[in-house]
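Have a look at the structure below, then the notes.
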């Protein structure tokens with residue numbers, strides 16, 4: 001994560017965990033160390049729609065796959081049939097995020113990728129009589145992580161789509177489920193089996209050598225009273241099962257994975273509530289002012305971001321954020337992306353300033369087909385809104 005982590009007293013218990021520059025160096029095949037700068041923070045992008053397709057991000061690609069009009073991967077596979085869907089998704093996996101994309105990320109000063117995946121990547125967990133997901137994704141995940149490791153990128157793998165869906169009516173779960181069916185023991189068990197399997201793959205396959213963090217579920221329901229079983233049962237068992245898998249492989253404790261959960265600020269309760277040991281824990285916060293009820297003015301957005309203190313649990317990475325603003329104003333003249341680049345440059349800098357008070361940030365997302373750089377890091381760089389020298393942001397002095 002950061003080279004100075006061991007020096008931070010609040011995080012001293014994490015000093016022997018598997019983090020870049022603490023106990024293990026990350027270098028590219030040509031010897032480049034992306035964590036060797038004086039900053040050393042996580043600076044990354046999400047690979048949205050690579051292995052868990054969200055149609056709103058890339059409608060053209062979705063339509064080209066034959067999935068147009070379908071709400072989720074589950075729906076598309078149901079519509080196309082398994083064999084045809086497998087071919088369509090394989091073509092997508094091989095072209096959406098490429099080795100050239102990863103090289104471009106590195107050239108922009110990024111050092112981390114977060115890779116959303118679904119539990120169905122472990123295919124024997126899928127109920128063949130009632131669940132419909134694409135098959136064959138593991139090979140493409142291996143290739144991607146191998147390229148990223150060669151490039152010197154740190155990798156977080158995130159269980160983005162949980163069994164039964166951790167939130168209703170949202171394609172980021174891989175299905176458009178009417179209710180959140182995840183919060184019951186048999187679904188937890190399927191997720192735990194996925195985590196064990198993923199942990200074993202990470203430690204036994206050299207292509208996964210730069211994977212240092214495994215997130216146990218993305219964006220659970222934001223109602224602590226409804227997800228008590230997740231905190232009391234799933235989180236403790238995730239720790240136990242991941243550690244048991246590592247111990248069975250005789251993994252040195254310095255090479256253990258960080259186990260990541262959404263932090264308390266997310267709204268699903270305190271993730272540490274039932275944990276007896278948080279020695280290797282990490283936390284994720286998602287900060288979208290678009291939906292945060294902040295007064296809709298440019299000054300308010302800048303001041304809110306500059307004053308953000310996202311430290312309810314430590315170490316926290318702000319694992320999703322963007323430059324998008326409320327739907328009601330996003331195309332108004334005062335907020336339109338093409339005519340307000342100066343504001344978006346400053347707001348980007350303000351958010352980076354806040355999130356680097358913690359362990360760093362991961363923008364949502366790397367690429368999109370929206371014609372709107374506020375959701376696409378790649379497009380924002382091309383538009384001149386995000387600099388290729390991220391250290392130059394300090395010179396803007398947006399937050400004083």
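The backbone N, Cα and C atoms fix where each Cβ goes, glycine too.
These come from Swiss-Prot:
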- 1-17: signal peptide (SIGNAL)
- 30: N-linked glycosylation site (CARBOHYD)
- 219: active site, proton donor (ACT_SITE)
- 272: N-linked glycosylation site (CARBOHYD)
- 320: active site, nucleophile (ACT_SITE)
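A map of Swiss-Prot features onto the structure.
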| residue | record | DSSP (3 states) |
| --- | --- | --- |
| 30 | N-linked glycosylation site | coil |
| 219 | active site, proton donor | coil |
| 272 | N-linked glycosylation site | coil |
| 320 | active site, nucleophile | strand |
> Distance between residue 272 (N-linked glycosylation site) and the residue listed as 'active site, proton donor' at the Cα atoms, whole Å?
Replying inline: 16
>> Would you identify which of the glycosylation sites 30, 272 has the most other C-beta atoms lying within 10 angstroms of its C-beta?
In response: 272
> Using a Cβ-Cβ cut-off under 8 angstroms and a sequence gap of six or more, which residues of the chain neighbour residue 320 (active site, nucleophile)?
Replying inline: 46, 284, 286, 287, 288, 362, 363, 364
>> Between residue 30 (N-linked glycosylation site) and residue 219 (active site, proton donor), how many Å separate their Cα atoms?
In response: 37
> What is the Cβ neighbour count of residue 219 (active site, proton donor) at a 10 Å cut-off, with all protein chains included?
Replying inline: 21
